[in-house]
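Okay, so here's the structure we're looking at.
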Amino acid sequence: MRREMRRYHTEPAPIKLVKPALSRSVSGQVPLVPPDTDGVRQQLLADGPSTTLLDVAKGIIDRLLENPELEVEETLFLKDCIGASLETLAMPCSLLQRDTGDGTPGGYDYLFSIYAKQVQPSSSCPGTPGSRSRTPSVAFRQPNWDSIDSKMLTAFDLWDFDSFELSEATRGHPLRFAAWRALDGFLSDETEIFLDMDKTSRFLEAAEEMYAKADTVLYHNNVHAADVTQCVHALLVQFGFAAFFDQLSILALLLGAAVHDMGHDGRTNSYHVNVGDDIAYTYNDISVLENMHISKAFKLMRTDPSANILDGFKHDHRTRLRKEMVEVVLGTDMSSHFGNVADFKTLVEKLGNETREWHEEKAMSALRVMVLHAMDISNPAKVLDLSDKWSDLLRQEFFLQGDQERQLGLPISPLCDRDTVRFASSQVGFFTIIVQPTFALLAELQHRVKDRLLVHLRKNTEAWEARKKAESPGTQYYSSKVAPGPYS
């Protein structure tokens, strides 16, 4: 019988400083950790998660020049630094979440072994077919988190994360950062299924390059992709949905989120069908954009070996991952919304919220599809400022499509005529008819959704109800809240 994959760990270890240990670990390395003093805490807060142990030592020495008196913990730390290896001193403090003194995940030996594999020179040729080397090649470019505020890193696991801020902090490359952060658990040999670091880095870079940026496509761009990826991550971690899935399904959801709009041009399926372009003809007018998105993702892996994150996967794992990624991305087509919600409601009423009841493939497929689809339409369930910003971008993107349809002599699609649309009315309808029933079903499985997401949704609906009363065609309600530049 095939061993069941381990469940996703939903409770991340808290980041905290611990007292430096004087005894050596089982590997013989000194378990060097930053001392828990006011000076070190202030330094870590100011310099962020990229601060290394060597940086901490230099900071202590700098303070020593100003004040000759050191706390005992800092003195012991400097003494241990003298006998430590360069690999140890180069270790980022953000990796030292806890010190168990053994080789278990989170312990010093475990963290050091993982980090040492990243910094030691490679003894194998990068890109060798079938290679499972975890050592970065010259081409490896792990995201540089230096520009990311430590508070943003902490907030990444939470629902009200601001992907616009992430885009600014990463200079317009939020997707590779968001996806890398969400996939972090799969970048370890300790997991049953893990991703090659080189190939993952290249895949995320190439995937983001295939997304339009915010200055050309206002809504369906790389910021939206990063936001949906982070939302899936938050739903799994903060709201406990990871308990329903094994590792492979978690991976399919996160990768599906990252690629779910690859190549989107800011136009709807109906537009492409009405134009009769290559996309519509290639996919026979059926979920044309969704089919294109997932097709691009797998063609990227096939045509660029350096980005083939599935290289080295077991055949059954690779086959199943592809199947699940295809199904969740195709499930984001709004034309299948009502049918999918109806099927999912039947399953919720039948199976309830016990994870062991959701073991049938049909049920798991429906749940996977609903998770990504819900996160794709989750903007109404965010705090009002973020929800409004996303709504305004979508409104502008719709109007640009309507303008183009008018120029081409095509029927103007719903919500796309800037001269006649009553956007507040449409928002109220979308919130109440589409989003609320979807999230209400998710709340049946994890009640924390009701306490947070449905509360946001209710408040936002009330705000749009108030705007609806004063609405006239073309009314703008919140342009002052939209960031300048590509977001306006």
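A Cβ is built for glycine as well, from the same backbone N, Cα and C atoms used for every other residue.
Among the ranges 121-143, 466-488, the one that TrEMBL lists as region 'Disordered' is 466-488. Taking the recorded positions His220, His224, His260 in turn and counting surrounding C-beta atoms within 10 angstroms, the largest count is reached at His260.
Between the C-alpha atoms of Asn222 (AMP binding site) and His260 (Zn(2+) 1 binding site), the distance comes to 10 Å.
In terms of local Cβ density within 10 Å, Asp261 ranks first among the binding-site residues Asp261, Asp376. Along the domain 'PDEase' (141-471), the predicted structure has mean pLDDT 94. Asn222 (AMP binding site) has a Cβ environment of 29 other Cβ atoms inside 10 Å. His260 (Zn(2+) 1 binding site) sits 12 Å from Val223 (AMP binding site), taking the Cα positions as reference.
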